[in-house]
C-alpha cells in the first residue's frame, strides 16, 4: 500500500514539475511578445509622417485601438512576471489571480485589435472619415494648402481624388498633374480612400497578428494555470492523507 502511494505521489510530482516549467516558459514567450507589441504600437503612434497624415485627414480615431494595445501590452509585460513567480512558488491564490489577468488580457486584446481593424480596413469606419476629408480638399483644391495636401498624398500613394479622378469632374475642379502617372500620363484609376486604407492595413496587419498571438498565449497560460492549481490541490490532499 505504501509503495503504491509513493509511486503515485512521485508521478504527480513529475506532472506538476512538467506543467510548472512549461507555464514558466510560456510566460517568458508572452513577455517577449508583449514587449514586441509595445514597441510596434509605440512606433506606429510616434511615426512622424504617419501621424501627420492622420492629423491632416482628421482621422486620428485610428489611434483608439493603438492606445488600447499599448496599455494592454504594458499590463501583460508585468503579468508575465506574476505568472512566472506564481508557477514556481505553486501558490494557488497567485495562480487564480494570474488566471483572472489572462482572461482580462484576452478580452482587452481582442477588443483592441477589433477597434484597430475597425479603423484601418476596407469598408471600415475609417473610410467615411477619409472620404469627407479628401472630398473637402478636392472641392477647395484651388487653395494652396488643399493643393499641397492632395499633391503629397496623390504622388506618394499613387491615387486620385477621394474615390477616383471623377471626383474632380463632379466638383468642377481641374485634374492636377499629381493625379497622373508620370510614365504613361494616364490618370490614376484608384481613389485615395481605398489606397490609404490599404496603406493603413499594411501598417496594422503585423500588430494585430502579434496581438492575437499574445491572446492565444493568454488562453493557453490560463488553462495551464488552472491545471496546475488542481494538481497542487491534489498533492496537498495526498500529503494530508499520508500524515493521517
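In case you wondered, yes, glycine gets a Cβ from its N, Cα and C as well.
Note on Swiss-Prot: of 186-206, 207-227, the range annotated with the feature transmembrane segment is 207-227. According to the topological domain annotation in Swiss-Prot, residue 54 and residue 235 sit on opposite sides of the membrane. Long-range contacts of the transmembrane segment (207-227) within its own chain (CB-CB distance under 8 A, at least 6 residues past either end) are made by residues 19, 22-23, 26-27, 29-30, 33-34, 36-37, 40-41, 44, 66, 69, 73, 76, 83, 86-87, 95, 98-99, 102-103, 105-106, 109-110, 112-113, 116-117. Long-range neighbours of the topological domain 'Extracellular' (44-61) within the same chain, counting only residues 6 or more positions beyond its ends whose Cβ lies under 8 Å from a Cβ of the stretch, are 67, 70, 119, 125-126, 129-130, 132-134, 149, 153, 196, 203-204, 207. Cβ atoms under 8 Å from those of the topological domain 'Cytoplasmic' (83-91) belong to residues 16, 20-21, 23-24, 26-28, 30, 97-98, 102, 221, 225, 228, 232 of the same chain, restricted to positions at least 6 beyond its ends.
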